[in-house]
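> Let me give you the structure first, and then I'll get to my questions.
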Amino acid sequence: QEQQERAALSEAQLERRVELLLAESDTLRLLDRPPALLSAEAPEAPAVLERNKIYAEICEAKIGSEYFEEKIVQTISGAAKTKEVQCEAITMAEKGVMVTPWDLDNALDAPGTEPAETEEAKSPAGKSNSPPAEGHGQAVAGPSATASPITLAESAAPARSHQEKECHSEAILTSAKLQQDLVVMERILMENIFQPKLAVYRQIPVLIEPVVASDTEAEEGEEDEEEEDEEEKQEEGPGAEQSPAEGAGPRLEQLWAYRCDLTRGHSVSSMACNRANPDLLAVGYREFVSQDQKRGLACCWSLKNPMWPERVFCCEHGVTAVDFSPGSPHLLAVGMADGRVAIYDVRSRRDAALLDSSASLNKHKGPVWQLRWVEQDRGATGGDRKERLMCISGDGRMTQWFIQQRLDCFDVMKIKRTESGKKKLPGEREKKSEGPISQEAAGMCFDFHPEDPDVFLAGTEEGHIYCCSCSGQEQILGTYRGHKGPVYKVAWNPSSTDMFLSCSADWSILLWRRGSHTPLLTFTSVTAFVHDIKWAPKSAFIFAAVNEKRVEIWDLSVSIFQPVLSCAASPEGNLSSLLFARNAECLLLGDSCGQVGVWQLHSLPVPSPEQVWLCWQGTPGEHP
């Protein structure tokens, strides 16, 4: 086609000059962004330079200022940009409905009218028990018969939705996620409530929020304090000054008490701290009413919640002894009033015991008054550490328990009754030997030597203390006679391992030396049973004792005649047990009302090793 067009043009037309004129069309701008740079020769340049100088001065002034932080939110914002958004217009409409009073009454009475509608639906259409009204019987029967199924269908939907809501609410309340969230919330609330007391327990400063007051209120407060100080000085008088000895002695301050509705009415029988977590405390409870043994409790309390125990183990009989395993801190051994021994796993929330001695043929026939895990190789650590569970019972047996597929034991020794030391008068006939049952003396307590795990002390109901050995043919190494009643507790001195204490129902506390069979010192302050004694963990001279109403702190370096502190720590009930906290300067006191009070012990002296050695070399009994 091009060749045909060329052939159509002549040579003159092809050689003729053609002029074309190009013109600029209109410019269409889709994006217009002005530049941020400006020429130095522009007329606006001086103003821009002056603005940049001011900005540099502002930035230099902010460097090093405490009110300035380098963050994006504090930078000078750039130039604003115009943004446009296109969307559909929001339409609004008003709607209403007319409601009559009988509609409201029918809606409120809908659940109560379901049974009546059901009965009407069961009756045949057109038939009614009541006679129809004259002239309107056929008109009323038809509509009522056709309307009842519709009403039932409408009422079934709300009932079904109500059941679904109940199931959904129950699933939420029983979910593990909600339980965990409630535990976290409970921990936060307990921390807020007990924060000052826990700070004192941890021996850290208590944070007190400052009170903001005006100048006039501050001046008035200072004047009131000065007036109160002057009044106190006038009331005290010249002879009311406190002696240095009185101000230097220890004192007790109650922080809180472990108690709840479950423990009310029970008596605290024993306490034990966990070796791995000293904040975890195991407490045994028992109850005796009309000489009948009732159910007992073994509770594990934690500092995270002093108002409710972390674990609660219900026992068929009263709990008389508890102790945590040092090698396996999650195992808790529990002794009961019927002679049963059980081991619980505190990691589990189940109430059932891990092992129980009820199926053992060698189980105790009397109450297990004390049990303890004893380390055999005290120098070993970790998995090489071996331990054994020792128990003493009212049937006169000292047993060692071993854990296999079941819990079983063997007798370490049997405690026999000893003849009285009275001389036979001339002409008096020799008494016949007692029966085999009465020959065994009830064991009440024991304590192993802090350095030799094969030597232990055993206290009996007849008031004697035996020094015994687990190895060797001769089990009884010595007998200590000094008490006139049952021996409730014996305790070796952790610093001076040749000394030990004993307390009894004869109102006395005796201090013994291992090589002497007569007591070195006798401590008696009140006429009441002494239920428990403990040596202070950081002092070889200080020990604590509880009788029925008071707790006493004795310091042998100060006085051997009177306690340095005597306090009525349980006004509601009788004190039954005590324990020194392992990680704080606190004393735990259990009573017959089911509560364990935590008391801060202030100004407890700690003697030097030289002072301990000098004091025990010259026996305290020789000073007076």
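Cβ coordinates are placed from backbone N, Cα and C, and glycine is handled just like the others.
If you look up TrEMBL, you'll see 104-144, 212-248 marked as region 'Disordered'. The compositional bias 'Acidic residues' feature in TrEMBL is assigned to 216-234. According to TrEMBL, the repeat 'WD' annotation covers 480-512, 523-557.
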> For the repeat 'WD' (480-512), DSSP counts of helix, strand and coil?
0 helix, 18 strand, 15 coil
> Going along the chain, which residues at least six beyond the ends of the repeat 'WD' (480-512) come within the CB cut-off of under 8 Å?
421, 442, 444-451, 457-467, 518-524, 526-535, 537, 539-540, 543, 545, 547, 554, 612, 616, 620-621
> Over the repeat 'WD' (480-512), what is the model's average pLDDT?
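The answer is 93, the mean pLDDT of the model over that range.
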> So how many of the residues in the repeat 'WD' (523-557) end up helix, strand or coil by DSSP?
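Counts, helix then strand then coil: 0 helix, 18 strand, 17 coil.
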